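Asker: So that we are looking at the same thing, I have put the structure below in structure tokens.
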Amino acid sequence: MPDSWIDFLPTLLKGAEITIVVAFFSAILALVVSFVAGLGRLSKLWIIRTLTAVYVEIFRGTSLLVQLFWLYFALPFIGIELPKMLAAILAIGLNFGAYGSEIVRSAVLAVPKGQWEATVALNMKPWQRLWNVILPQASLRMLPPFGNQLVELIKSTSLVYFITMADLTYQAMVLRNNYISWTTEILVLLLLMYFVIATLVSLAVRLLERKLTAGRL
Amino acid sequence: MLKAIGIDEQAELSKVPGQEGNRIDTGTKPIVKYTGVTKSFGDLQVLKGIDLEMQPGEKVAVIGPSGSGKTTLGRMLMTLEEPTEGTIELDGELLWHTHEKGELVRAGEKHLHRMRSNVGMIFQHFNLFPHMNVLRNVTEAPRKVLGLSKEEAEERAVSMLGKVGLADKLKMYPSNLSGGQKQRVAIARALVMRPKVMVFDEVTSALDPELVGEVLEVIREIAEEGEMAMMLITHEMDFAKEIADRVIFGAEGRIVEQGTPEEIFDNPKSDRLQSFLQRFRSNGI
Ligand SMILES: Nc1ncnc2c1ncn2[C@@H]1O[C@H](COP(=O)(O)OP(=O)(O)O)[C@@H](O)[C@H]1O
Ligand SMILES: [Mg+2]
């Protein structure tokens, strides 16, 4: 029997490490996919527009848990066996990338048309227009919604518990099974740890936002 | 000597209404030439057959009621709007088309990119880059498009910003500038690219009245330097009269009348132009 709730911390922190690793890599994947798919939806080529639209609709139209099950439990039947960690990162990254692509798309569309016209008048090449003028402005608009999505993403990592990854939620459940009478303490700790991670992250995003807008807009 | 005579002849000819077509044959090669240009947005035809030439260094003012297609005319030269029919030549070369196997086809981005280096445009709403300071706004394109080094670009930019009276604002961001200052930065930004033709689309109409003068003064100075052809789309009639070599009056997608400022403003021939000018004067603008 544990002497106090402090004794649960090492186990929970071990789980938190997995949670953070999954969140970190799936956030990076989601960010990359957001830009690729978001810009793809604005492409001049209809085939690229269609492909990215199909991807976005599929991943927004089904639940993350089902996508996770697919990647981990269904793919082996067609010969693709992914490690848990990779399946988790792919599922979360692709799911949030689909939502993120909408953020990128609407932020790019929200940059005034006059900005595009100025880049044409200065004879910039298409990628220079995007990279030097449009994306820097659009990125500022993306930051607050991306910040929200990141917090959602961190919370959603608890679903990897269902493919038996030893994340924060999993460790809490194991502890609870062993020490049923401490259920309340364990769950309060679980809640607090997610809360602390999410709060730190949204604070960081807000600081970044303030830094990038300083003295400009 | 020969050339000078050519230009005089040209001036003579342009005084005869309806004979501006003759000017083509007087020796100087036009820098801009619209031939049979129309433009439709869906069912709405906004330009209905434009033939227009500009000589190198010529200052052409374009006036006319709002909605008559003036902006569209200028945007086509800047490749922001594609003509529906007809062709535009820039410095003797087709702007929007290339020849392929004897057929005229819509040009690709590569061709447009090469052609565009001859043209610049100043917009009504400035369109400065809000995330860059004044200096960066002006050096960005010389560095990225012309491939100048940072030092070369900054030297060019600083001297141009000095010319428009903003040498002390290099580190400011556009949001901290007045409208007149913003427009002068935009002018410097376009000038450092050294185009042969510049389109000015109602560059003072978004400004508070007390700021119009400083921008017109800058344009006047540029006009006096001479080499660059200018298409001045404007409602500033006094200004047009003062600096234009030729004034074009358009209405409902057609060129209704054109001539020297004196002909257009002091001796308008068509009823349309007469009533347009009358309305302008009675509004006291
Ligand atoms: N992108 C567009 N789509 C549809 N209609 C347009 C577009 N641009 C301009 N127009 C229409 O074309 C006409 C001419 O516009 P414009 O060239 O701006 O005239 P002006 O500059 O003389 O006021 C107007 O009726 C305007 O509403
Ligand atoms: Mg206009």
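Start at 1 and count along the chain as shown; that gives each residue its number.
Yeah, the Cβs are placed from backbone N, Cα and C, and that goes for glycine too.
Per TrEMBL, domain 'ABC transmembrane type-1' is recorded for A:16-201. As annotated by TrEMBL, transmembrane segment applies to A:20-40, A:52-73, A:85-104, A:186-208.
I'd like to know what surrounds each of these features in this structure.
Answerer: Only residues 6 or more beyond the boundaries of the transmembrane segment (A:20-40), in the same chain, are considered here, and those with a CB under 8 A from a CB of the stretch are 48-49, 51-52, 55-56, 85, 88-105, 108, 130, 146, 149-150, 153-154, 157, 160, 165, 167, 197.
With a cut-off of 8 Å between Cβ atoms, the residues of this chain six or more beyond the transmembrane segment (A:186-208) that come close are 5, 8-9, 12, 16, 19-20, 23, 143-144, 146-148, 150-151, 154-155, 158, 168-169, 172, 175-176, 179.
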Asker: Please give the sequence-distant neighbours of the transmembrane segment (A:52-73): residues at least 6 beyond its ends with Cβ less than 8 Å from one of its Cβ atoms.
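Answerer: Residues 36-37, 40-41, 43, 82, 84, 87-88, 90-92, 94-95, 97-99, 101-102, 156, 159-160, 162-163 contact the transmembrane segment (A:52-73) from elsewhere in the chain.
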